[in-house]
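Heads up: the structure comes next, in structure tokens.
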Ligand SMILES: Nc1nc2c(c(=O)[nH]1)N[C@H]1C(S)=C(S)[C@@H](COP(=O)(O)O)O[C@H]1N2
Ligand SMILES: [Mo]
């Protein structure tokens, strides 16, 4: 057999094998693609000094460098296997089987991949062995041209189809593959009297679908956990790169935290509450060793959004969250990981799809919204909202006023309500779950038929009662008492 034809036989067989694996992986989770699984296993096996070197040398191209290197190695193996099989197809078949087994081992070694995923490297093994023997026979019968063309065509079609199908379902596959996130420290059980949902407050825990969503992303960044990394650098002694697996293998904590958007108007909807699972940023930063003089944690998302958080807040209570309400984060809320810092508005803390943590100073870096007119430092203001009655509603019978109050991280101590400018009356409060969460309240009023206006105001645990002055959300959050007008019939 001519060397060129022998080499091409090996090369095409290996391409066909990878393409078949990629196609099957589109259905069982793209990270099961033998090609990607071997790459990810290589990343995991890489010592962290080499990883840090690759990231600092090639930046975000480090993955491209790795995958290109793998193409060259794999092509080389294919050519060598072909050349070794000039008289008999056995050596090439053995290579196909050995590579298939390596692929299976790579897939099985990944803790984030389900059992079914093994079908992808199995498909590669079978295709590689079959195509190699088929081409080998065609070459010996001098009908190689047709065989080469068919194989190349089918391989390209399978690979492209796998990539298109796979990258579409990709993120959901990656989320599913993660399965349950079991925190070592669970958030305390939410007592039944934490909300007054039947009186019109939101439910204490907001579901992923109901959770408010604010971001600058035109399309939700689609990042798979298997390929995601978080870089920690800047004013630290030991820069680090964390993978999703490294984070989930640490002691996970669960905390109930209420997120709030600075652009929320008085009475507005941009506030929600969830059980977040993750690790303490403080633990990571202490491992990295924060240098003196740093006062800002500057976080960057995959889509380029940035936020700057005061380092003291972050060290005390910041989380790198990978789960929300018992599941991996929903794609819209930052999958695979986001920051959650109780007490800070989202735009200066809650970076979704976070990929980079830079320990720096406020003097040096400005987050996305700061040059656009918003304050660099934005702790959440003590506020409250009336959820029922609805504005301009009509009420039959007794009047129940119910709502929400928040003052993360101080906590809500008291909510008062008044009708028609009369005396303030203290509302009944829902269970005090955590100072990082909202607190629900309700009050029954005895109002005569006719038009009425009710107002509410919260007092936090530091003793501060929220300001009456109506301020716009720009630059650091709205203030003012929420009021609702309605009619009792
Ligand atoms: N990547 C990214 N993260 C982001 C934002 C963004 O625009 N891009 N918006 C922030 C703002 S302003 C808020 S209020 C919170 C909202 O988080 P949520 O959409 O999960 O409720 O995310 C923060 N994180
Ligand atoms: Mo926000």
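Counting begins at 1 with the first residue displayed.
Cβ from N, Cα, C; glycine included.
Among the ranges 91-109, 167-185, the one that TrEMBL lists as transmembrane segment is 91-109. Segment annotation: TrEMBL labels transmembrane segment over residues 147-166 (candidates 147-166, 187-206). Nonlocal intrachain contacts for the signal peptide (1-19), taken as residues 6+ away from its ends with a CB within less than 8 angstroms of a stretch CB, comprise 33-35, 74-75, 77-83, 85-87, 92, 95-96, 99-100, 124-125, 127-128, 131-132, 135-136, 139-140, 144, 148, 151-152, 154-156, 158-159, 162. If you look at the transmembrane segment (147-166), the same-chain residues 6 or more away from its ends with a CB under 8 A from one of its CBs are 8, 12-13, 15-16, 18-20, 22-27, 30, 33, 131, 134-135, 138-139, 173.
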